Amino acid sequence: MSLSFCGNNISSYNIYDGVLQNPCFVDALNLVPHVFLLFITFPILFIGWGSQSSKVQIHHNTWLHFPGHNLRWILTFALLFVHVCEIAEGIVSDSRRESRHLHLFMPAVMGFVATTTSIVYYHNIETSNFPKLLLALFLYWVMAFITKTIKLVKYWQSGWGVSDLRFCITGIMVILNGLLMAVEINVIRIRRYVFFMNPQKVKPPEDLQDLGVRFLQPFVNLLSKATYWWMNTLIISAHKKPIDLKAIGKLPIAMRAVTNYVCLKDAYEEQKKKAADHPNRTPSIWLAMYRAFGRPILLSSTFRYLADLLGFAGPLCISGIVQRVNETQNGTNNTTGISEILSSKEFLENAYVLAVLLFLALILQRTFLQASYYVTIETGINLRGALLAMIYNKILRLSTSNLSMGEMTLGQINNLVAIETNQLMWFLFLCPNLWAMPVQIIMGVILLYNLLGSSALVGAAVIVLLAPMQYFIATKLAEAQKSTLDYSTERLKKTNEILKGIKLLKLYAWEHIFCKSVEETRVKELSSLKAFALYTSLSIFMNAAIPIAAVLATFVTHAYASGNNLQPAEAFASLSLFHILVTPLFLLSTVVRFAVKAIISVQKLNEFLLSDEIGDDSWRTGEASLPFESCKKHTGVQPKTINRKQPGRYHLDSYEQSTRRLRPMETEDIAIKVTNGCFSWGSGAATLSNIDIRIPTGQLTMIVGQVGCGKSSLLLAILGEMQTLDGKVHWSNVNESEPSFEATRSRNRYSVAYAAQKPWLLNATVEENITFGSPFNKQRYKAVTDACSLQPDIDLLPFGDQTEIGERGINLSGGQTERICVARALYQNTNIVFLDDPFSALDIHLSDHLMQEGILKFLQDDKRTLVLVTHKLQYLTHADWIIAMKDGSVLREGTLKDIQTKDVELYEHWKTLMNRQDQELEKDMEADQTTLERKTLRRAMYSREAKAQMEDEDEEEEEEEDEDDNMSTVMRLRTKMPWKTCWRYLTSGGFFLLFLMIFSKLLKHSVIVAIDYWLATWTSEYSINNTGKADQTYYVAGFSILCGAGIFLCLVTSLTVEWMGLTAAKNLHHNLLNKIILGPIRFFDTTPLGLILNRFSADTNIIDQHIPPTLESLTRSTLLCLSAIGMISYATPVFLVALVPLGVAFYFIQKYFRVASKDLQELDDSTQLPLLCHFSETAEGLTTIRAFRHEARFKQRMLELTDTNNIAYLFLSAANRWLEVRTDYLGACIVLTASIASISGSSNSGLVGLGLLYALTITNYLNWVVRNLADLEVQMGAVKKVNSFLTMESENYEGTMDPSQVPEHWPQEGEIKIHDLCVRYENNLKPVLKHVKAYIKPGQKVGICGRTGSGKSSLSLAFFRMVDIFDGKIVIDGIDISKLPLHTLRSRLSIILQDPILFSGSIRFNLDPECKCTDDRLWEALEIAQLKNMVKSLSGGLDAVVTEGGENFSVGQRQLFCLARAFVRKSSILIMDEATASIDMATENILQKVVMTAFADRTVVTIAHRVSSIVDADLVLVFSEGILVECDTGPNLLTHKNGLFSTLVMTNK
C-alpha cells in the first residue's frame, strides 16, 4: 500500500462536485486552524514573549486566573479525550481500507497537538497577565468551530447519524469548540483587552504578593490542583534540606483562623438570637457550622458523587471484556460484514477500547475522589481553627468562679482544645460519606439486579436484614465512647494533680497512693474500652462478613433458582460490584463512630460556650471618650480619645521625666469607689458583703486582715472577676494632674497593672515576662529589676534575661517567680497598680527593699495609684489609706491616724504586731530565702546546661557520623519507618496475641482468595462444558464451605486485633504512669508539665482508640494487595513484566514522599505543643491577662500559633494527596496493563475475570495501604513519645534492708549523724555538699543558714534522698538511710514546704490520704493549725470538698492545711522549708510556738526564713560553698567575731 494523504486511488482527489464535496479535502480543511495555532504560539512559547511581558514580578508562577479558568481546563480535557477517540476511530477505519488514508487520523493527531499547545499557551498567558495574546486562541476556536461545523454538515448530508461513531465525535467536537469560543468571548467581555477603549486591569491576589505565602493550591491551574503538581518542588527539596516553618510559609488569608472564626462566630450568634426567642432551645452549633462551612462540603460531596458513579464503570467494563474473551474462547464472535465506517456500538464493544475506557474512568474517579478528600480536609482544618478561636475567646471571658470552684478544670479545657476540636475535624473529613454511601449502595444493587436478576435481591436482602445490627452496634459504641470519655477526663484530672504536686507526694511517700487512685480510674476506663473494643470488633466483623454472606446467598440462589448457568462475565462483574459495596459498608462503622464522637464533642463544646462569663466591665473598657473638663483644668492639655479595644501598648521613653504630682483636692482624689458592694463566687453565698470603700488617686492604699478574710477577693471584685450581687464599683474619670503631658499621654487612665497572689509566668524569656508586651525601655527595665532585686538572679541564668523560664515558671522558686510578677506590674506604665500580697514568698530583707525601692520610690514617685494587699503590718506607716478586712467585710477604713482615733483596740493590736515585726527586721541579718532561691536556680541551670551539653554532644557526634556516611546512608535513615516502635507496641500486647493475629490474618485472606478462585473455576467450567446438576452441587457445596470459613475467620481476626490493641494500651499506660511516678524530681524540673500531661491525654487517647482500628485496616489492606498482585500474576504471567517498572515508580514515589512527610509531621507535632501550652497558660493566668487588658494581644498570639499549626497540617495533608494521586494513577496503569495482557494472552475467561477483578480493586488496596501506613506512622509517634519516657531512669526505691527489718516506730529518738556526706544533683555535675560531718541530738531544734549556693537546702533534700548521695552517709537512729527502702524512709519523716499544695477531694483526704488517723487526731491537727472553727463551719466538716489545687481556699489557708498535714504525721523529725512565708505575722508567731510545743521532744530542722528564728536554736549549721564551716549554738557562734555566722549578721545589719 502506498502512503498518501487521501489514499492511492485517484478518485480520492476528485473535486468536480466542489472542494467541500470531497471528504478528504474537508479533513484537510480541518488542519488549517491547528497549523495556524501552532505557527502563532510556538514562537511565543519558545521565545518567552509572554513571560517577559509580565507587569508584576512575584515569586509564584501562577498567580492569576482569567474568567472561566476552570471551565476552560475541563473543556480542554474533554476535547483531548475526544481527539483520542477520533484518532482511534481513524486508525481502525483506515485499517479496514485497502490503502492508507492519512486524512482519517492525521487532522485528529494535529488537533490533539494543537489542543495541548492551547492550554500550555493559555497557562503562560495567565502567568504573564498579558491577555492580548489570547486573541490568537479566540481566532483558533472560531476557525476550529467553523471547520468542524462544515464537516458535521457534510456528514449529515451524506446520511450519517448518531449510530456512526465519526458523526458523533464530530458533533461533540463542534459543541466543545463552540463552548471554548464562548469562553474566549466572555474573557473579552470582562477583561476588555481588545475591541474596548478601557481595558480592565486585574491586580494579583493579595496572598501571592506576600512572599511568605507558599501554599499555592487555591491559586494554581486546574491540572496542578488535581495532581498537586505544585507540591513537587517541596517534596523533592526535602531530600536536600529538611522542611522547616520558613519553607511552608504562611496560610492564605481565606484559610487563616481569624477569617474562619468570624464566619463561624457570625453564624453562631445568629443561632443564639434564634434560640433567645425560645426559652427551652439552645443555639445549634451544627447549624452554625453548616452556615459557615456548608458550601465546600457540598462541593466535596459533588466530587464524591462523580467519583462513585465513575467507579461503576469498572464492573461494566469487566463484564464487556470477559464477554469478548469468552466469545473469542468459544468462537462465537461475529467478524463478518465489517464496514469501512466504524459504528458507535462496534467501538464500545471492542475489548481494547473498553480497557482504555476503564483506564480513563479510573483516572477520573481517583482525581475526583482525591479532590473530595482535599476539600473536606481543608474545610476541617478551617473549622478547627475557627473552633479554637471560639474556645479561646470564651476562655478569656470565663467567669473566674468556673475555674476556682471546680465547675470547669484545666483538664477539661485541655480536652476541648486537644481532643474535641480534632474529633469534629475528623468527622468533617468523613462527612461526605454519610450521603454518598446510600447512593453507592443503591446503584450497586440496581446493577446487580440487571446482571443476575432476582437472585441479586437475595444478596441485597441479606445486607438490608443485617443493617439493623450495625445500628445496634453503633448505639452501643456511643454508650461505650461516652463512658470512656468521662473516665478519661477523671483520670486526666487526677494525673494533672499528681504532676503538679509530685514533689510533695515524693517527700511524703504518697506517690503510690495517688498512683493507685489513677489506676482505679484507669480500670474503669479500661472496662469501657473493653466494651468499645468488643463492639468495634463486631462492627469490623459485620463489614467483612456481610459482603461474603451476600455473595454466598446471591450465587447459591442463582445456581438453583435461575434456569441459566452462571457465566464468568456475570460472576466477576457481580463480584466487582460487591467489592464496591465493601467500601461504604467498611466505612459505615467508622463514620458512625466519628459521628458519635462528634455529637459528644458538640455537646461538650456547647456546654462550654454557654457557661457563665464575667460581668460587663465597660466602665473600664468603654469606647466613650473621657471627660475633657478635668484634663483642661489640671493639665492644660488637649483632650484625647483612648481606644479601649487595642491591647496595652505604652510609650516608656518618658520614664525619666516623671515628676511627683500635686495632691488633688479631697473631693477629686477618688480613683475607685465601691458602694454597698456585695460579691460572690458563682451562684453561692456572698463572699464579700457591705463593702463601702474608696481608693484615693495617686496614693498608697493598703488592705490588711487575717488569712481568709477576703483581701484578695476584694481586689478581684474591683477588677470585675466576681459576681456582683448588689452595689456598684465606680472607676472615677479622674484627672491626670501631671505637669508634663509627655509623661502621661499614652497612659490609659483606667489601665491596671496587677500582680496576683498566685504568681503566673509565661513560657517565655525573663525579659518578655517583665515587659509583657510593652515596648522595651532600657532605663525603666533596669530600674524595675533593681527595685525587685532580680539582677543577681538574672545573672545566674545561662542566657541572662533572654533565658526561657519554662511553662508556669517551673524552673524558678516561688520567691523568684513572685518578684518577676511584681516587676511586670511595676514595668507597665499604668495609672493603677494592684499588688496582691507581693511579700508572701519574700524574706524581710527583700520585702523591705521592694517596699522602699519599688513601691515608695518607683511607684509613688510616679504618683500612681497603688493598692497593696499585705500581712506586713510594719509597712502601715507608709500607707496613705488603709482598709482593714474581717470575715468578708470592711472592718475599718481611713488613714492610720483615723484608725488610731476611731478604733483604739484595733490600733493597739496592730501596734503590738508592728513592734514584733520591727524587732524581727532588726534581727534579720540575711536574705536566707533569697540565697536559697538563687542556689536552687543555679542548681537547676547547671542541670539544664549539663543536659543540653550532653544533647549537643550527642547531636555533634551524630552530625560527624552523618558527615562520614555517604548520602545514601543519610537518606536511608531519614526514610526509615519506625519499625522498632511498631515492634514495641505489638509486643506490648503480648506474644501470644501477636502470633494469633498474624496466623488468623494469613489464614483468613488465604480463604478469601480461595473463594474467588473457586468461583473462577466454577464459572469457567460452566462456560466450557455446560456442567450438569451433579457438578453444580459440588461447586455450590465447596463455595459455601469456603464462605463459612471466611466469615468465621473475619470474627476471629477482628477480635484478636482489638484485644491485642487493648492489652498494649493497658500495659503502656501502666508502665508510663509508674515510670513517671517513680522518676527523679529533676525530671519534673526540666520537663514542662504540659509535655508530660500530653502523654497521658492526646497520646494515650491515640494508643487507646486509634491505633487498633488503623492496625487492623493496614494488615487487611496489605494482605489484600499482596493477594491481588499474586492472583493477577497467576492469571496473566506476562503482567509480571509490567509490574517491574510500576514497582520501581511506586518505590521512588514512596521514597520521596516519606522524607517530606516525616518533616511535615514533625512540624505538625512541634507546632501543636506551643498552641496547647498557650491555652493552658491563658487559663491559669486569666485574671492577670484580663486585669492588664491584654486579651487582644493574647488572642493574636493564639491566632498565630493556630495558623502555624494549621499550615503544617495542611501541607501534610496535601503531601498525602500528592502521594495518593500518584499511587491511584499507578493503580490505573496496573489495570490497563492487566486488561491488555488478559485480552491478548489468556484463553480462560474465568481467570481473565479473576485477574481483572483483582486489578480493579488493587487501586483501593494501594490507597488503603498508603493511608493506613501514613496514619500508623503518625500514630506510632504517640507510642514513641511514651516509650521515650519509659527509658527514663527511675529513683532507686529498693534498699539493702527489708521493710520488715525497720523498727515499727523508727525513727523514735530523732538522732541524726552525718558522716562525710557528699551530694550532687546529677552525675555530671559538681558536688553541692562536700564531706559534711554533723551530729544532731534527739529533740534538738536545728537551724540551717548560709550564703547563696552554700548547700543548706541540699542537706534537707538529702534527708529524703531526693538528691544523689555519692559518698558518705546519714544515720538516723542508728540506721543508714541509704540502706532503707525509699518509701519507708520518706514515710517516717515530715516536711513542710514553702508552696502550699492541696488536692481535689475532701479535707480528710488532704490531711490523711492513707486513712490511718482517727477523726479526733485530725481535729486536733486542725485546731493546732487554727483551722478547726473554719472547717466546722463548712458543709461536711472533715468531708468538705476541696477543689482542684485547693482553689476554694486562700493561699494562707492552704498553707495552714499543709501545716496541719505535718502535725497529723507527728514524726520524730520535722523539716520546715520556709513554711510560714505565705501567712501573716500573727499567725506565724502562733505557729512557731505551736511547733515548739507540739514537737518539743522531737527533732526540728529549719531552713531559716529569718535569722532571728534560728539564733536561739539548739544547734546552727552554717554552710559555705557546700562545706559545713560552723556548727554550734547561735549565741556561741556570735561570740566568734571573725566567724561566718557573725560576718553574715554584721554585714546585713
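Every residue gets a Cβ built from N, Cα and C, even glycine.
Just so it is clear, the model here is predicted, and its values are computed rather than measured.
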#### Entry: Where Swiss-Prot places N-linked glycosylation site when the choices are Asn280, Asn326, Asn966
Asn326
#### Entry: Record-annotated N-linked glycosylation site (source Swiss-Prot) among candidates Asn402, Asn769, Asn1025
Asn1025
### Message
Looking at N-linked glycosylation site as annotated by Swiss-Prot, pick the matching residue from Asn334, Asn1448.
### Response
Asn334
### Message
Check for me whether Swiss-Prot puts Met289 and His512 on a single side of the membrane.
### Response
yes
### Task
Consult Swiss-Prot and report the residue, out of Asn9, Asn735, annotated as N-linked glycosylation site.
Asn9
### Residues from the same chain, set at least six apart from the ends of the transmembrane segment (991-1011), whose C-beta lies under 8 A from its own
548, 551, 1039, 1042-1043, 1045-1046, 1049-1050, 1052-1053, 1056-1057, 1059-1060, 1063, 1115-1116, 1119-1120, 1123, 1126-1127
### Query
Quick one: do the transmembrane segment (1035-1055) and the transmembrane segment (532-552) have at least 3 Cβ pairs under 8 Å, skipping pairs fewer than 6 apart in sequence?
yes
### Sequence-remote partners of the topological domain 'Extracellular' (445-455) [C-beta within less than 8 Å, at least six residues beyond its ends]
312, 315-316, 319, 554-555, 557-558, 561-562, 570, 573-574, 577-578
### Summary
Other C-beta atoms within 10 angstroms of the C-beta of Asn326 (N-linked glycosylation site) total 23
### Query
Does DSSP give Asn326 (N-linked glycosylation site) helix, strand or coil?
helix
### Message
Just to confirm my parser: what is the rounded mean pLDDT across the topological domain 'Cytoplasmic' (593-990)?
### Response
70
### Query
Which of 102-122, 424-444, 456-476, 572-592, 1246-1266 shares the most C-beta pairs under 8 angstroms with the transmembrane segment (302-322)?
572-592
